[in-house]
Every structure is written in C-alpha cells, then in structure tokens.
Amino acid sequence: MKIPDSVVRRGIGSFSSNELQFGSFKRFALLNESWRCGTEQTVCPPSGTGSHGKHPRSAVKWSSPTSEEGWRREDRSSEMNASAGTGVFVLSLMSIPISYLFNVLVYSNSIGAILFAGASTLIIITISASLLLNKKAPRDPLFYVYAVYAFLSVVNLIIGLEQDGIIDGFMTFYLKRADPYINTAHGHMVSYWDGCAHYLMYLLMVAAITWGENYRSIGLYWVGSFLMRMIVYIPGNIVGKYGTQISLLFLVHMLYVLVSLWACFRVFSLRRVREDQPLNTEDDQRKSLLQRPVHLMFAIYFILASAFCIFRGLVALDCPTDLCLTYTQYYEPYLKDPSAYPKIQMLVNMLYFVPCYVITLYGLVVPGCEWITDLALVHAGASAQAQFSHIGASLHTRTPFTFRVPSDSQILFLTVNILYGLVPQAFCYYVLNFPTFFLKPSQEKKKE
C-alpha cells in the first residue's frame, strides 16, 4: 500500500526547516516503509497546521526500535570500521619507506642515517597504530592476520621488482643474506603473485570484514592459492638443489605457514551465504548431461585436463617413453630444472587435481551437490597460482637457457597452459552465478 499524498505533505510539513536534514529524511523513509508494512503507529499533525507548523518531533511515534541515536551510532561504527580498513591499506604502503630506511640503516655507518631511519620508522609505526587501535577495529581475528599479510605482500612485491633490477636499494640487504632459493625463477613468480594477487585478496577481505560483509568466497579462493603455493614451494626448497643451504629464515617461514593454516580453517568455518531457491530447479535437475551443453563442455574439459595432468606427472617422474622424452625436449624442458619446483608442481597436479576433476564430474552428473561451489573456488585459486608461477618461471631469464621453453613451441606452450589456468576460473564463475543444478531440493533441506 502506498502512503497517501496528504499524509506525505502533512508529515513533511510537521518538520521545521532545520529538521529537514539527512537524519529527518531517514526517519521519514522509515515511516513510509512501516506504512507499507501496515505496522506503523503515527499521530499526524492537524491538516490546518500548514507547512510552517510547530509541532514537535514527538508528534510522530515509531513502532520500530530504530531511533536517531541508533542511526548515529550505526553511522559512527561504520566510519570507525572504514577508518580501520583504511589504516590497513596505509600500513601496507608503509612497507616501502620502511624497507628503504632499513636498507640504508644496514649499509650505512653514518650515525645520522641511523637516527633518521629509527625516528622515521617510529613515526610510521605510531601513526599506523593510531589508525588501527584508536578506532573501533572489527573483532574478527582474521582482520589482523590479513593486515599483517598485506604489509608482507608489498614487501614481496618489492623483492620481486628488485630481483629483476626494476628498482634498487630497498631489499638489497635481505637478498644477499636470504636463502638462495628466493633468487630462483619460481621464487620470483611467487613474490609477484603474493605482491599482486594475494595483496588484492587481502584488501578485499579486510574491506568485507570492516563493513560486516561475508567474505567466504574470496577467502576460499585465497585458501586454494595459498595451499598450492606452500605445497610446491616448501618441498621444492627442501628437495631441490638448494636443500642443503636452508637457514633459520626457513623456520621463521614455517611460523607464517602455521598461522596461515589456522586462517584457512577459519575461512572454511565461515557461514555460507544461501540464496533463494529458484523456481526452475527441479526442471533443470531432471535434464541429463547431454541436455546441458555448458555442463557437457566443462565435463569434456575435465576429462582432457585429467589426462594432461597424468601425462605431465609421468614426464616429471622420468618416464622413458619416446612421447615423454620428446615432450620434455621440445615443449617443456623446464620440467627437468634441478630446482625441483616444476617436478613437484606436476606431481601435485596429478595427485590432487585429477581427483578434484573426478569429483567435479560427479557433481556435473548428479544434481544437488552444493559443495561443488566451494570446490570450484579452491581449485580456481590453486590453478591460477600454479599456472602463473609455472608459465612465468618457464620463460624467465633466471631459468637456465637449456631449460627454457624453445621459441618454436612457445605459442603452443602458452595456449595450452593459459587455457589450463583460465577454464577453472570460468567454471568457478559459472557455478557461482548459475547454481540451479547444484542446489539441493527444498524437501531435502527441510529434512536436514
């Protein structure tokens, strides 16, 4: 039911010119909403009052518990949370001057430089702490984890840029004293991925936390990306050619891994956002796979991708057949790199991606598999990180020339590997936006 125009004129006329501000319009909007719901209890001013009536605000009684103080308190809380999120962004950017000052501090024997670096660092930390602590920061502990990780992501980006000679004088002291595996081509790609993709994910999750939004989807994508990075990077550091040169920094890195694993479990425990049940759910779920062309194309891809994963896994295991030897020599010689990262990557693809594809095929045939959205998010993040690191390291100048992809086969190499990384992203987008086939029937939900 729409509110009558006469009531609208009398309601607006009951407010003075000083009262017709943003807060008053909020209250009047609430009156309009409650009128349509048929639950308001309003005492309207007399019709003869006119637009210059002097009735007090108490002439309008509200059945809703929302008051002006509630509006102001909610706005103030949002502003505080927004300030906390902005503080995380500013804190992450502070890693640029901090790394530069520490580099100057290490390589300079000047007392003035030491004092300047120490004072600047103290000021930066003080300002950042005031932004984060003096405001009402969210209670979610992952907010603080992602705040620190955003800072470290910018540091990793600086490391990658300095390794490639794009910038200089920021992390020189660290690169000379760090473990040698960070200077490999795979280490370069991991630094770039963490400094760009993970940094964006951290900012998105921090923004979602500060505004009270659900961030489970982007969190699961980050979980897949992080797990893939750790599963390949840590074993590669141990069994590769630099395995005998592991220092105490590696143990510090393990602390980061443990905290991240705790964060992964926290993300999985977040409440799943459930959408309304579409009307055509049963009709779509009655169709066979052949009657669903999009699902059929994804099913064909997963079958081919499984075969490709098994083949490259056999190549990584030094399969002596002519086909494997030819592929290694002319298409992906990087699989023989002594750093061991590509071999472990192919084994992970064979041992983890293939079962994931088989389970996904089951979800494409049998309706009502709601878990397929979580699986698609985790797999999309893992495949994106894996393909970015593998493609970049295969072509990077840090890789010895004999192990780089030959120029004659680069087009085929890029086409296959980019397609291998993009299709999981497309499948993830599809199941999130068109989940009709994967939803459980309403009767089963009621039983649960």
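The backbone N, Cα and C atoms fix where each Cβ goes, glycine too.
Features of the protein shown, as given by TrEMBL:
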type     : residues : note
COMPBIAS : 69-78    : compositional bias 'Basic and acidic residues'
DOMAIN   : 139-264  : domain 'EXPERA'
DOMAIN   : 294-428  : domain 'EXPERA'
REGION   : 45-78    : region 'Disordered'
TRANSMEM : 82-105   : transmembrane segment
TRANSMEM : 111-133  : transmembrane segment
TRANSMEM : 142-161  : transmembrane segment
TRANSMEM : 190-211  : transmembrane segment
TRANSMEM : 218-236  : transmembrane segment
TRANSMEM : 242-265  : transmembrane segment
TRANSMEM : 296-317  : transmembrane segment
TRANSMEM : 344-365  : transmembrane segment
TRANSMEM : 411-432  : transmembrane segment
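The stretch with the most CB contacts under 8 Å to the transmembrane segment (190-211), chosen from 82-105, 218-236, 242-265, 296-317, 344-365, is 218-236. Shown for the domain 'EXPERA' (294-428): DSSP residue counts in helix, strand and coil, namely 110 helix, 0 strand, 25 coil. For the transmembrane segment (411-432), same-chain residues at least 6 beyond its ends with a Cβ under 8 Å from one of its own Cβ atoms are 217, 221, 294, 298, 301, 305, 308, 331-332, 360, 372-373, 376-377, 379-380, 383-384, 386-388, 390-391, 394, 405, 438. Within the domain 'EXPERA' (139-264), the DSSP-based counts of helix, strand and coil residues read 103 helix, 0 strand, 23 coil. Summarising model confidence by region, the domain 'EXPERA' (139-264) averages a pLDDT of 88.
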